[in-house]
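Asks: Just dropping this structure here.
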Amino acid sequence: ADAPTAFNQCKACHSIEAGKNGVGPSLSGAYGRKVGLAPNYKYSAAHLASGMTIDEAMLTNYLANPKATIPGNKMGASFGGLKKPEDVKAVIEYLKTVK
């Protein structure tokens, strides 16, 4: 699937290539796994302690407001969230296809 335009904001820090971390972890295969499992990426203590699974419910909240969803995480410090619900939905649907 082609990435939605809203994913351009994600690409500033995240790769979709397995094992290729940037400022943020690779998003390859992220959908459906527990937070904090991308190999060779140093997660914040907040992310590791969250115990969350990266699924539709989590991403709906997290992509709109990362700071409130996982207080103290790195992403929330620099990214305020996607403002349009349709952008959040488009990015979630795209992440479901990124293996």
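Any Cβ shown, glycine's included, is placed from N, Cα and C.
Okay, so Swiss-Prot annotates it like this:
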type    : residues                   : note
BINDING : Cys10, Cys13, His14, Met75 : heme c binding site
Asks: Suppose we draw a 10 Å sphere around the Cβ of His14 (heme c binding site). How many other Cβ atoms does it contain, all chains included?
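Replies: A 10 Å sphere around the Cβ of His14 (heme c binding site) contains 23 other Cβ atoms.
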Asks: I want the residues beyond Cys10, Cys13, His14, Met75 whose C-beta is within 8 angstroms of the mean position of the heme c site's C-beta atoms, in chain order.
Replies: Gln9, Lys11, Ala12, Gly22, Val23, Gly24, Leu27, Phe79
Asks: If you draw a 10 Å sphere around the Cβ of Met75 (heme c binding site), how many other Cβ atoms fall inside it, taking every protein chain shown into account?
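Replies: Neighbour count, Cβ to Cβ under the 10 Å cut-off: 22.
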Asks: What number of additional C-beta atoms lies within 10 angstroms of the C-beta atom of Cys13 (heme c binding site)?
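Replies: Other Cβ atoms found within 10 Å: 16.
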